[in-house]
């Protein structure tokens with residue numbers, strides 16, 4: 001990998017004196033658990049116990065100008081994904097090659113084609129999206145190089161956009177609250193003004209309730225589709241608790257795909273009935289990876305939901321619109337014009353794309369393979385999966401590519417690796433050393449967006465808050481839920 005040489009300053013002077021560090025870490029751990037900045041332990045799972053989620057002790061610096069640019073762009077990205085999701089020809093042709101060799105993509109496409117053939121029962125979709133991005137230090141144009149000479153970065157690039165189970169609507173704002181507590185304990189309360197407001201929890205939940213209102217079914221519930229075992233329970237439950245507290249007339253029920261198969265059915269109007277209760281909005285926090293489907297029963301449950309009158313988040317077409325292959329094709333020259341008519345918006349979107357390459361069985365795919373084999377540290381190999389822990393890096397890329405047939409390559413894409421600036425800080429982990437060591441870190445910012453609409457009309461389109469995940473600069477993956485990242489929040493600098 002090209003070594004990051006640029007460094008972002010810390011918002012407080014580091015290192016901290018050891019006694020002060022130990023004291024504030026112990027307080028922060030307890031604060032986190034007592035305010036729901038927590039998860040269930042994978043190592044010692046117990047539904048009666050929580051442990052604090054890994055967190056960075058003090059917020060990581062992020063340029064204010066770039067943060068505001070990402071916030072401003074999010075409604076445009078919402079519109080783009082909405083348009084893509086409602087272009088059946090584009091989705092099917094784009095994912096055809098991946099669907100031939102990847103069973104999971106093929107199963108999703110089968111559901112999509114089934115409901116298309118039958119006629120879409122519910123034309124309105126709810127999108128709770130998250131666009132993930134990183135600052136970039138590798139610049140290849142004169143203007144960016146001049147900018148890099150002054151700053152620790154030249155621009156930011158999109159890592160991916162998530163359309164299903166985009167998590168941390170609670171843990172994003174909770175991270176800000178936790179780090180605000182730490183800054184005050186360190187007598188840096190004057191710095192709180194540089195932590196941006198974060199209404200991710202209310203932003204996402206309010207959009208769910210807006211979709212619920214559109215259905216005009218006062219006795220209907222919002223259904224959360226959840227995993228069999230929920231480790232990231234606080235992030236899920238606080239969505240439910242916010243809805244129940246803010247909108248006490250709106251019921252929330254939780255079911256797994258297996259439970260939906262057992263007790264779900266369609267009513268006379270094609271309404272979705274779960275144990276006799278109508279679910280007019282369905283929010284998927286599961287269903288994004290093959291392991292959530294134990295057999296045909298769970299796939300039948302997904303199809304049942306898609307056939308229903310419920311507003312889905314995501315609908316099957318929104319799920320497909322968030323695949324890596326779609327992201328790669330959107331980055332090809334001229335493709336954005338199919339979905340966006342405003343030239344300024346097209347330029348703004350294209351500006352955030354990094355290099356994305358098809359691995360299909362053609363000349364372009366062969367050229368991409370050659371690039372990856374020649375310099376694997378410059379790239380990331382990505383499958384059509386969500387949830388973290390699925391990508392391949394560095395020396396693993398040539399091994400994987402050589403083991404694939406030319407057809408199997410179509411289930412993957414190749415992305416140029418983003419090289420962000422590093423920062424310095426303390427990661428606090430359950431069972432970690434005391435005091436925690438001072439380490440080098442890199443961060444990934446997630447911007448939430450909410451959109452509701454049909455093919456012909458957008459009814460609701462907003463920025464929905466943010467989250468920041470930070471990892472060791474030497475680590476490839478940054479997912480908090482999969483154990484490699486830590487909660488953080490942006491400290492805006494000029």
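Glycine is no exception: its Cβ is also placed from the backbone N, Cα and C atoms.
For 236, 469, the entry in TrEMBL reads substrate binding site. Sequence annotations record features per position, and here TrEMBL assigns ATP binding site to 324, 382-391, 393, 415-418, 444, 471, 477. The Mg(2+) binding site feature in TrEMBL is assigned to 386. Per TrEMBL, the feature domain 'Glutathione synthase substrate-binding' maps to 221-321.
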In chain order, residues whose C-beta lies under 8 angstroms from the C-beta of residue 236 (substrate binding site), counting only those at least six residues away in the same chain, are 224, 226, 230, 254, 285
For the binding-site residues 324, 469, the largest set of other C-beta atoms within 10 Å encircles the C-beta of 469
If you tally other C-beta atoms within 10 angstroms for each of the binding-site residues 415, 418, the top scorer is 415
Fewest neighbouring Cβ atoms within 10 Å among the binding-site residues 384, 390 goes to 390
Closest by Cα to the residue listed as 'Mg(2+) binding site', out of the binding-site residues 324, 415, 418, 469, is 324
As a whole number of Å, the Cα atom of residue 390 (ATP binding site) is distant from the Cα atom of residue 469 (substrate binding site) by 17
If you measure between the CA atoms of residue 324 (ATP binding site) and residue 469 (substrate binding site) and round to the nearest Å, you get 20
Rounded to a whole number of Å, the separation of the Cα atoms of residue 418 (ATP binding site) and residue 469 (substrate binding site) comes to 15
Cα-Cα, residue 415 (ATP binding site) versus residue 469 (substrate binding site), nearest Å, comes out at 20
CA pair residue 384 (ATP binding site) / residue 469 (substrate binding site), Å rounded to integer, equals 22
Across the domain 'Glutathione synthase substrate-binding' (221-321) the predicted model averages a pLDDT of 97
